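What follows is a single structure, written as structure tokens, with notes after it.
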């Protein structure tokens, strides 16, 4: 179980937030895999109940490669609540792209490495509903040992971990004085049940909104089709490009017509897709991950 490290706040550079950019920042030593190499040691976390829990940070590969500032914001946010986070340095892709494409042998290799790296933790927290959903529900290309089952059961998306486990409701360090359109990804909405769906009768709820309501100055707008897919869908955006683009454009227009200045989501892949559509539409739309808002990002 070697190769684990502690990520130090002092080792990080300030990352400028330019939500209008087309290409993500890729800046060498600020990649999380490089940051982890600067320090070492396995630590536990302190949750509000004062129980000692071992928490691991899972950063999806595309966030590590293209949006490291989201990973850094996730780490800093957890640390603000007194949670000491371990970062398995040898972590790789969870296997979702391969599994979704039917390449089960390739998925098995990634899943086996994932389970080995994250074994022994009470919680595995990641800023991506789609990746966490794969780990929790579809890490099935490998033998379902007790170790694998424990890894799957311990996987939490950042929003549900903060909302359900930590019980966070206030973020006194954060201020975001903008009109926000909240995008719940299909994985967050349909699989992780982080919010109610409009077509089902029942008491409405939204865990992301509950958290964001603890940020000073934020104002919410309501798009007319809040539950509609943005069209990304991983490989769907490649194999069905025209449909994917049209869905993304419709999603951006819906938020802008509602008066949104920023589109906020817990899934950076959805935001990446919508941002690309917005740029080609020459639309005045800005995008930011919920971890950055909750951590006190200044846009």
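Glycine is no exception: its Cβ is also placed from the backbone N, Cα and C atoms.
The domain 'Cysteine-rich' annotation in TrEMBL covers 55-135, 180-273.
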Helix, strand, coil residue numbers for the domain 'Cysteine-rich' (55-135) per DSSP?
46 helix, 11 strand, 24 coil
Average the per-residue pLDDT over the domain 'Cysteine-rich' (55-135) and send me the rounded value.
93
